[in-house]
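One structure is given here, and the rest of the page talks about it.
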Amino acid sequence: MKPPIILINYKAYENSYGEKGVEISKKIEKVSKDYGVPIIISVPATMIYKLSQILEIPVYAQHVDALRHGAHTGAILPEMIKDAGAKGSLLNHSERKIRLDEIHEAVTRIRDLGLESVVCADSYELVHPLALLKPNAILIEPPELIGSGRAVSKEKPEVITRAVNEIKKVEGVYLIAGAGITTGEDVYKAIELGADGIGVASAVMKSSTPEKIVEDFIINALKAIDRKK
């Protein structure tokens, strides 16, 4: 994982699985290769194996359970996603929150398996304590802006700048900004404010031309990073 980080959460949209899931993933990977920017896709558990077999970009799970092998019906263990080909997992998304002790256990297990973790935080106050668990990145997402089309980088830029100040207290953990990211301008602003990348879902998954959206994101991310040099 290295900046600019672009993480696309497929959630459970109609085009997140099956042949539609394969189709959108291939489009995303093509743009990723065209610009030399690895894009992380966080996909439904049922798609991890299929997509990891045909793609070179990192495939993540959307969630894992902090449980050991045993009688846990319906559980998704870190070992399971590794076996399926995942390179990492999202954790603690606003739509799939878990307790702090569960986050700690999951991050540790994921790291021990040689995988990556991105832990979501719904406020900048949580960035530092979550970063102390040493995931690869923290994804800051004010829940009220998720899926709203109103970008955190425009609506609440102070959330990003404060999160940046918190992440600097812990070495080796990236900060990703998400919630409402819709345009390349939103991406540029987020990185200008100090984020290492962006997280996005509906802007890509609901688009009729997802490859154009992703290309716009990459162009502006690279432009923002170049401007900061």
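Placed from the backbone N, Cα and C atoms, the Cβ positions cover glycine too.
The substrate site in Swiss-Prot is built from Asn9, Tyr10, Lys11, Gly180, Ala201, Ser202 plus one of Ile48, Ile138, Ile140, Ile146, namely Ile146.
Cβ environment of Gly180 (substrate binding site): Leu145, Ile146, Gly147, Ser148, Gly149, Arg150, Ala151, Val152, Glu155, Asp186 lie under 8 Å away, each six or more residues apart in the same chain. Within the same chain, residues at least 6 positions away in sequence whose Cβ sits under 8 Å from that of Lys11 (substrate binding site) are Gln62, Glu95, Ala201, Ser202, Met205.
In sequence order, Ser42, Gln62, Leu90, His93, Gly199, Val200, Ala201 make up the list of same-chain residues 6 or more apart from Asn9 (substrate binding site) whose Cβ falls under 8 Å from its Cβ. For the substrate site, whose binding residues are given in the record as Asn9, Tyr10, Lys11, Ile146, Gly180, Ala201, Ser202, the maximum C-alpha distance rounds to 15 Å.
The number of other CB atoms found within 10 A of the CB of Ser202 (substrate binding site), across every protein chain shown, is 17.
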